[in-house]
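Chemist: Here it is: the structure, laid out below.
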Amino acid sequence: MSQDYKTTLHLPATDFPMRGDLPKREPAILERWERDDFYAQLRAHAKGRPLFLLHDGPPYANGQIHLGHAVNKILKDIIIKSKHLDGFDAPYIPGWDCHGLPIEIAIEKKYGKVGVTLDAVQFRQKCREYAAEQIQLQRRDFKRLGIIGDWDAPYKTLDFRFEADEIRALAKIVDKGHLIRGTKPVHWCFDCGSALAEAEIEYTDKTSPMVDVAYPALDPSALAAVFNATLPPDVQLAVPIWTTTPWTLPASLAISVGPTLDYVLVEGPTHSGQRRWLILAEALAAKALARYGIAELLIHGSAKGAAMEQHILAHPFYPDRTIPLLLGNHVSAEDGTGAVHTAPGHGQEDHQVFQQYGLLNHYSAAELNPVDARGVYLPTTPPFSELTLAGLHIWKANPLIVDALRLRGVLLAAAEMHHSYPHCWRHKTPIVFRATPQWFISMEQAALRSAALKAITHVTWYPQWGQARILSMIENRPDWTISRQRTWGVPIPLFVHRHSGAPHPRSAALMRQVADRVEQQGVDIWYSLDQTELLGTEADQYEKITDILDVWFDSGITHEAVLLERGLPKPADLYLEGADQHRGWFQSSLLTGVAMDNAAPYKQCLTHGFTVDQHGRKMSKSLGNGIEPQDIIKTLGADILRLWIASTDYSNEMSLSQEILKRTTDAYRRIRNTARFLLGNLHGFDPTLHLVPLSDMIALDRWIVHRAFELQQTIKAAYTRYDFAEIVQTILNFCSVDLGSLYLDVTKDRLYTMREDAPGRRSAQTAMYHLTAAFVRWIAPILSFTADELWSYLPGDHADNVLFTTWYDGLAPLPPNAPLTAADFDKLLTLRDHVTKVLEPMRANGVIGAALEAEITIAADADTAARWQPLTEELRFLFISGDVTVTPANTDGFFVSAQPTTKAKCARCWHYRADIGAHPTHPELCGRCVTNVDGPGEQRHWF
């Protein structure tokens, strides 16, 4: 080439870096956000808009954040930011859960239990200081994720005002009649020395002893008569039970049978040379006898369970204790014997049976529950068969009790069972049911259960199965144990009568008075309070209780202590947490909301799955498969983590591995490269001067704006239904297919070769400006750092941050009367695909090197040919090929053929044209390039 025409081309130019370099670039953006008080500015721009309130469920203030925290906070952040673009004011007030056992354990490890080196006041202060330190660490990590919120004024459950509002919330619940006191079996952790909530329990496999124990009948003939059988004089009669908790047998006070189950009187194994008949559920008889070494099922009679009611048995090792046969609807024929040993101090269903029969007051507290808070039998526990139980831990007692049963001849079978068993979420140790005096929010009193079930149906659940799940949980849950026997928490400020144990009749009003003091001085004031201040002359008749509130009550009343306190409306628009929160925060918030206001505190509930590795295994240190968010940020950047979260179906388990992160990085690169190409071609474009009206745009440019409009509608709808994976896929497809494989490829010719201010070039730049202005908004909720950076390179005057705007309004659909309609483009793009398929084998066989070397002939039916012939001169730009000819033919649809060109190649645009050499000044250029270099410039209408 004798002349260098490169300087006549308008190649892309931008300072927007090709490499994201996110680990270095993101902290600088964060610094600017901090310096500019970005959250305050965001709220100021949104002032006066409709409110969208996503209420933050508080993470626990203990330990560094993990991947699950990152998933949760980033999903919330994506929603908050998308709502701002959607025209809402979407405040975000982060919070922390600060009371409870994990912090107590951390302080105990350092200083010992309360009373060792610290008194209770000092201990609570150390807990408070520890929680504050943990909040600082977690806040730093959350902000590094790009989470925008009121980080300078978060809510903390340890704040005096919050603690006071929590007591006021409890007072409301007392006013509504939902609080009761009772001695009931509750989940108990010996290591905690306290009751546990349902949400503080996790199920882990455990090996337990499995025993069948015979309870002899005191009047065997009468019991046999129930089965229309006559008991021979030398035959014993017993009812076997099956249990995996032999340690509860000292508390066994009855046997429950199913009233409608069928029972049979069968021949059992001999005992001391004597025959023994057994009563078993018919459906379980053969299986039970097999455990006892009996192969033959010999039935002496049958009866319904109801017929055995109130017959009396003997305790297997306490001869002076009589055991009544009671009816229990919880008894099933699924396993065991069909008879359930009933210890009302160690089982909720057992307790309910005794309550129904009015038997609870017939026994002392030690008889109902002979086990202390540490898991040791009380000194009053009776011994048997040389076995002294008093002072023995129940787990050590299990094998000793089995041996003693064997010696007494009442052990029918013994084995071990590997099964799922409840454990303390913090200590990872087995827990038990243990009857203790506790305070409960009653599910039945004041009809809380039915009101909660109704409220659930007025909430929108994402995914939809969440509704059925929480309905089932509420239908079956027991009363909520809200009292804890610990130190670090909000006290239950009740005065109870010294003799009757009844709460003071003015309890709610007294609570509010205590709350006023707590707001000024903190929870310690309750313990130092002189009760004569509040009770006057009644003070001697009452005593303060020292229990604290369940931490799930703390977080469960945030709708009251945070939203109302900050002037925000209830119910919140959205609660968003992990799937385990159906039994945690969603449920505690629901119950307090219904108890106080007779309504759920949220309109929508969204749950996300847990993070697992590529094999579906839970991430853990022991497996060595954990990936920490801090490591991802350090090596790849927060936007890569955000993109992975957004692109994953969070309704199920969320898989992450290094390979998945690599694919996510590739996807990010595609998005960034697309943005960079768009910006590069906007070099020298000023929208205030050069923007082409939509009606004057080249047809292809107008069509891509139409496509962007369609995609924006799809993206907005997906953000509304929280389907972020669809958004990411839509954007990636747009980058690859609509832009990369089509629009950007086709328009390079116009952008590079036309005169700088040519209408055809300005039309393409206008389209790219519209695309970029929309594109940056589409990605902003997800790729917040990259969108911030991209926004700073967008030409023209605009707001300081993309999130100060709303969805881009410069897009519009093609009008029905457009010269080329959307339907026309669908057909043309189908034609383009056919052309590509025809050229592929020619390129593969070396017939042509590039599509520009091929001349295309399209034979089409008359109507199609007539429609396409006006486009003939420009179809070559759409196909990026040589000349195109359209001819009518007697055919349905169209037929594409191609042949190599014989024309010369233009040194500037690389097209093969017949007029090369016709211009003496530019003999190496085609006529189009000559007019673009030295003339008025070419005219383009379609492509």
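Every residue number used here counts from 1 along the chain in the order it is shown.
Using the three backbone atoms N, Cα and C, a Cβ is placed for every residue, glycine included.
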Chemist: Need the matching range: Swiss-Prot marks motif ''HIGH' region' on one of 59-69, 565-575, 686-696, 895-905, and I'd like to know which.
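Modeler: Motif ''HIGH' region', as annotated by Swiss-Prot, spans 59-69.
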Chemist: Choose the correct range: of 618-622, 663-667, 888-892, which one does Swiss-Prot annotate as motif ''KMSKS' region'? Give that range.
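Modeler: Per Swiss-Prot, the stretch marked motif ''KMSKS' region' is 618-622.
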Chemist: Hey, what's the Cβ neighbour count for GLU577 (L-isoleucyl-5'-AMP binding site) at 10 Å?
Modeler: 21
Chemist: Does DSSP put CYS909 (Zn(2+) binding site) in a helix, in a strand, or in coil?
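Modeler: Going by the DSSP assignment, CYS909 (Zn(2+) binding site) belongs to neither helix nor strand, so it counts as coil.
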Chemist: Cβ distance under 8 Å to CYS926 (Zn(2+) binding site), same chain, sequence separation 6 or more: which residues?
Modeler: CYS906, ARG908, CYS909, HIS911, ARG913, ASP915, ILE916
Chemist: Helix, strand, coil: count each for the residues of the motif ''HIGH' region' (59-69), based on DSSP.
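Modeler: Summed over the motif ''HIGH' region' (59-69), the classes give 3 helix, 1 strand, 7 coil.
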Chemist: Give the number of CB atoms, excluding that of CYS906 (Zn(2+) binding site) itself, located within 10 Å of its CB.
Modeler: 23
Chemist: Return the residue, from the listed binding-site residues CYS909, CYS929, with the maximum count of other C-beta atoms within 10 angstroms of its C-beta.
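Modeler: Of CYS909, CYS929, the one with the most crowded Cβ is CYS929.
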Chemist: List, by number or range, the same-chain residues at least 6 past the motif ''HIGH' region' (59-69) whose CB is under 8 A from its CB atoms?
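Modeler: Apart from its flanks, the motif ''HIGH' region' (59-69) reaches 96-98, 100, 102-103, 106, 131, 134-135, 137-138, 141-142, 156, 578, 610-611, 619, 626-630, 656.
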Chemist: Starting from the Cβ centroid of CYS906, CYS909, CYS926, CYS929, which together make up the recorded Zn(2+) site, report each further residue of the same chain whose Cβ lies within 8 Å of that point, ordered by sequence.
Modeler: THR753, ALA907, ARG908, TRP910, HIS911, ARG913, ILE916, LEU925, GLY927, ARG928, VAL930
